[in-house]
Amino acid sequence: MHILRFSDLCAQGQARGQRVFIRADLNVPQDDAGRITEDTRIRASVPCIQMALEAGAAVMVTSHLGRPTEGEFKPEDSLAPVAQRLSELLGREVPLVADWVDGVQVQPGQVVLLENCRVNKGEKKNDPELAKKMAQLCDIYVNDAFGTAHRAEGTTYGIAEYAKVACAGPLLAAEIDAIQTALAHPKRPLVAIVAGSKVSTKLTILQSLSKNVDGLVVGGGIANTFMLAAGLPIGKSLAEPDLVNEAKAVIAAMAARGAEVPIPTDVVVAKAFAADAPATVKKASEVAEDDLILDIGPETAAQLAAQLKAAGTIVWNGPVGVFEFDQFAGGTKAIAQAIAESSAFSIAGGGDTLAAIAKYGIEKDVGYISTGGGAFLEVLEGKTLPAIEILQKRAAG
């Protein structure tokens with residue numbers, strides 16, 4: 001995949017004295033008082049900003065925050081808390097600029113944060129007039145926001161059409177490289193773990209991966225539907241009986257390629273979904289009518305761990321059990337540890353997956369941790385993301 005990279009432009013001295021517009025993803029969670037509760041995305045944006053400053057550019061950074069109404073600015077929509085955190089991380093003041101579409105004052109060696117881009121009318125619909133105005137603000141447009149790459153908006157797509165130069169920042173470039181390594185040119189065997197509560201939300205991902213992967217591990221409520229498809233009892237567990245035929249089709253598609261969807265041979269059940277519910281390990285064929293399946297059993301976990309350790313590439317999206325409750329966390333912990341110990345290139349994404357990675361402290365053992373939720377899922381579906389597509393078009397001239 002050919003795209004221009006901001007790091008290359010900087011290395012060649014092409015950013016010196018230039019006005020650089022960086023679209024970052026600074027959409028961080030806040031508490032009721034507006035305080036930032038988790039700043040990973042802000043920290044992840046720093047290398048691109050530092051790169052631009054060190055290259056001698058005049059730097060403008062923007063992002064969306066929350067879901068403001070276009071054309072109506074409210075105090076809770078402000079990037080002010082982000083500007084404060086960014087100032088701390090960069091060790092310099094980062095002024096916040098409102099009403100910036102018609103012009104921004106910034107000198108080489110300076111950085112300013114442009115107020116919440118989703119307040120601008122036409123941002124979400126990718127209005128060409130807005131896009132042209134934003135493109136006129138800069139000499140180089142840099143997209144460093146993988147988390148919004150699946151949306152064709154003014155600051156992710158439109159500006160890239162009209163800017164003199166459009167390129168990928170280091171975070172976006174790293175995401176693209178990791179995805180290429182894992183899905184376009186994987187070292188085999190390629191094993192994907194797709195878990196979550198519903199097949200319906202991840203059916204297109206399962207269908208897309210079933211054409212490419214050597215092993216497709218399902219977990220959570222998704223696994224219950226696959227157990228139904230295999231003729232196993234699931235008691236009163238969460239499942240989607242109306243999607244059993246789709247599950248059977250995924251199993252058949254894998255089998256036709258000599259690959260498999262491993263169905264659990266044992267499970268961990270409880271009579272209630274609760275933090276203090278007693279857990280019981282049962283054979284998959286012996287689940288009672290009043291049982292809730294809340295994790296895979298130790299035998300299944302050991303089989304999957306062996307498969308992951310022998311893999312060449314691993315894609316992980318979703319914990320395989322209710323890992324928030326320790327008695328139903330064994331399966332997810334075993335999978336996390338197997339990924340950590342495997343020599344495979346691994347890529348992981350999705351909020352719950354990141355929480356599991358943090359819980360078991362394996363951040364340094366995962367090849368690449370994706371910052372994008374919805375964008376990561378769309379990549380797994382085999383879709384080309386609009387923000388990446390426009391950078392490819394611009395690179396091709």
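Backbone N, Cα and C define each Cβ position, glycine as well.
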> Of the candidates ARG118, ARG188, ARG257, ARG394, which does Swiss-Prot annotate as part of the substrate site that also includes ASP25, LEU26, ASN27, ARG41, HIS64, LEU65, GLY66, ARG67, ARG151?
Replying inline: ARG118
>> Using a 10 Å cut-off on Cβ-Cβ distances across all protein chains shown, tell me which of the binding-site residues (ASP25, GLU324, ASP352) has the largest neighbour count.
In response: ASP25
>> For the binding-site residues listed here (ASN27, THR353), tell me which residue's CB has the most neighbouring CB atoms inside 10 Å.
In response: THR353
>> Between GLY66, GLY350, GLY351, which of the binding-site residues has its C-beta surrounded by the fewest other C-beta atoms within 10 Å?
In response: GLY351
> Any idea of the Cα spread of the ATP site, LYS202, GLU324, GLY350, GLY351, ASP352, THR353, as a max distance in Å?
Replying inline: 21
